Amino acid sequence: QNEEKWDFVLVSDIHEMGSEKEIKRKKFLDELSKKGFTIKKIEDTKLFYGVRAPQHIFWKYQCLLANPDGRQQNSSAHQDVPVTTRIRVVHFILQNTVTSDLEKLHDLMKKKVFETAFPLHKKEDIREILKKKWARWRVLLKEQPIEEIRCYFGEKVALYFAWLGWYTYLLVFAALAGLATVAAGTTVFSSSQVSKEICDANNTIMCPLCDQNCSFWVLSDTCTYAKVTHMIDNEATVVFAIFMAIWATVFLELWKRERATVATNWDLYGWDEEEEELALQLINNSQHKPRLYQHSYLRSTIVLILAVLMIMVLIGIAHALVIYRAVAMALFMQSEVNLLSKHADTIAVMTGAVLHYITIVIMTKINWRVALFLCSLEKPRTFSEQENNFTMKIFIFQFFTNFSSLIYIAFFLGRINGHPGHYVRIAGHWRLEECHPSGCITDLFIQMAVIMLLKQTISNIMEYLIPWISHQLRKKKKSPKKRSVMLGEEEEAEDPCKRQWLNNYELNEVNVFSLFNEYLEIVIQYSFTTIFVAAFPLAPLLALINNVIEIHMDAIKMMRLCRRMVPRKAKDIGIWLQVLEAIGTLAVIGNGLVIAITSDFIPVQVYKYMYSPCTRENHTNMDCSTGYINNSLSVFHIQDFEPHTKVLPEFNGVQIKECRYRDYRNADDYTYTIQFWHIFAARLAFLILFEHVALCVKLIAAWYIPDVPQKVKNQILKEKHSNLLDELSMMEYSTEV
């Protein structure tokens with residue numbers, strides 16, 4: 001038997017006859033009937049209405065849009081419209097049908113007249129192909145069937161997966177480069193001169209890390225930490241940072257080429273979103289007047305002020321995390337538990353990172369609400385305009401949520417905390433944290449590692465488990481309803497549609513932001529992979545592992561756990577491309593700053609070429625960074641401590657007169673030495689040089705790789721030519737007649 005084809009299913013609770021909701025529902029369904037829709041009602045625990053659009057609607061669509069889905073123009077060859085187009089047109093009409101009370105479906109759903117509306121996953125060949133080739137774990141490393149995804153979910157979803165697949169493929173190269181950097185660091189793990197000096201400094205007495213009851217300590221205690229630092233912070237990192245800046249550009253340029261090929265194959269070059277929207281409005285209502293473009297400076301100013309306030313709040317949260325770390329550090333230091341007091345700094349950093357992750361999870365929900373509210377203030381004209389505005393706002397908010405704490409650790413930690421005898425304090429009480437004597441980069445490394453690992457493991461597990469569990473629960477809730485067969489009475493044959501509609505209803509709901517969420521997640525991950533990658537060379541590897549799993553998890557979610565998405569047309573990934581380009585520029589600036597400011601690369605180079613033993617005499621067989629650690633520590637006299645500092649002046653039975661701390665200051669009046677200013681100048685010079693070189697390389701790469709491949713350009717050229725020839729021959733034919 002031929003299965004009846006229904007475009008959409010509306011679901012509603014069973015209302016009493018004559019109630020307000022029942023009347024509103026009837027009015028809406030009557031409006032659809034007037035437009036020629038066929039409606040079928042099935043009753044179960046809920047009311048299900050299947051709707052099927054009349055054929056003339058799709059003929060209108062094909063004529064109005066010069067038939068982008070089929071090239072023949074003669075009326076006898078009205079081709080069947082693809083299912084994706086069918087669903088899209090019906091969805092638009094359902095959303096924009098107005099009842100006599102001037103209410104649309106959206107308003108009726110708010111008033112609980114209808115519960116939901118969705119297109120169906122049907123038993124089609126293409127669905128079976130996707131389930132076999134794409135939505136299962138066995139095909140983890142196979143190529144994705146992009147063409148089939150497009151035929152089932154529409155161009156927008158297919159482009160997302162094409163982009164994600166392309167990004168994942170190119171991450172392989174970045175991951176290999178990151179591994180090579182770490183491998184290079186590991187080979188010098190024990191042989192680095194700087195970490196050797198730290199490990200041998202058994203009699204370098206360091207100033208206490210807190211004010212109350214903290215003893216002095218010996219620099220060689222931090223030997224392991226120093227080795228780890230020099231595994232990340234070495235010459236290879238600089239090369240890797242430049243490589244990643246180029247990689248980000250090449251990735252985008254190659255994607256533009258890939259997209260151009262895809263758009264041509266799918267016949268999307270001439271397609272225009274605005275024209276499509278106008279056509280759908282006219283099909284729905286031939287009296288429709290277009291909404292004109294408007295711009296209000298007052299509205300823009302209000303939105304801008306509110307957005308800035310929100311960013312201030314997000315930066316405030318980063319400050320709160322800084323305060324937490326300073327206070328936690330002081331409390332852990334004074335703790336009775338030996339483990340806590342010994343590793344106070346590492347534990348403070350770790351718990352700070354976990355806390356940061358929790359704030360990310362909470363603030364994401366709040367950012368979402370705020371961005372939606374700001375969008376509604378702007379009153380966007382079309383859905384795509386609303387989506388673009390929303391994308392920009394939520395990305396900026398999410399960027400500050402994710403990165404403000406990292407920016408502090410990278411560029412401010414240990415640079416604004418004063419010096420012994422004159423510390424900067426929070427509320428006049430707690431000292432700000434200091435950097436580790438072997439550099440600040442390890443703090444950044446820990447923070448990045450904790451956040452990326454938590455984000456990728458917990459968020460992914462939740463992203464898959466929540467839909468899976470809720471799907472199982474919905475199935476459980478629906479299954480008990482089996483009508484018992486009355487004795488001697490045949491049960492009516494069950495409608496074949498009923499099972500299918502129920503199965504679709506039991507799946508998880510999807511909304512317009514379902515795909516948006518996936519994009520946002522990957523774009524934030526891309527920021528982690530590029531912006532501070534100099535401090536965490538393993539980021540691309542983590543991203544690669546995550547993406548391989550992510551692609552198949554999204555596929556399984558879309559095919560097996562969620563209702564069918566309304567297919568949407570698109571010829572590129574939209575405003576996300578601009579976001580990615582902005583991240584690419586930020587990556588150059590971010591990595592330049594990490595190497596210039598966070599890492600010890602510059603101070604070591606300045607020391608080698610200006611202050612080391614090599615400059616004074618010709619030592620060919622000597623490492624030029626010898627003596628660097630002693631040179632980078634300043635001397636502090638104990639009698640200059642602040643009055644309320646309680647320090648035990650004895651250390652291992654020796655009376656101590658002076659201690660060392662990490663800074664370039666004079667021993668008598670604690671002002672900056674000339675070397676401090678030399679290093680400062682070198683940092684600035686390196687930063688300017690690095691940014692300009694990297695940006696030039698980016699520009700050259702962008703120029704060198706054309707956005708549109710030659711083949712595509714020629715194909716479009718030939719099409720234009722043949723169309724004009726056809727027009728010409730038609731004209732000549734008509735004049736002859």
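Backbone N, Cα and C define each Cβ position, glycine as well.
Owing to the predicted nature of the structure, the values given are computational and were not obtained by experimental measurement.
Going by TrEMBL, these are the annotated features:
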type	residues	note
DOMAIN	84-146	domain 'Anoctamin dimerisation'
DOMAIN	149-718	domain 'Anoctamin transmembrane'
TRANSMEM	157-184	transmembrane segment
TRANSMEM	236-255	transmembrane segment
TRANSMEM	301-327	transmembrane segment
TRANSMEM	347-374	transmembrane segment
TRANSMEM	394-413	transmembrane segment
TRANSMEM	523-549	transmembrane segment
TRANSMEM	573-597	transmembrane segment
TRANSMEM	680-705	transmembrane segment
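Tallying C-beta pairs under 8 angstroms between the transmembrane segment (236-255) and each of 157-184, 523-549, 573-597 places 157-184 first. Helix first, then strand, then coil: DSSP counts for the domain 'Anoctamin dimerisation' (84-146) stand at 32 helix, 4 strand, 27 coil. Here the transmembrane segment (157-184) has long-range neighbours at 143-144, 146-147, 149-150, 231-232, 234, 236-237, 239-240, 243-244, 247, 250-251, 254-255, 258-259, 262, 515, 518-519, 522, 526, 529, 533, 537-541, 543-544, 547-548, 550-551, 554-555, 558, 565, 567-568, 570, 572-573, meaning same-chain residues at least 6 beyond its ends whose C-beta is under 8 angstroms from one of its own.
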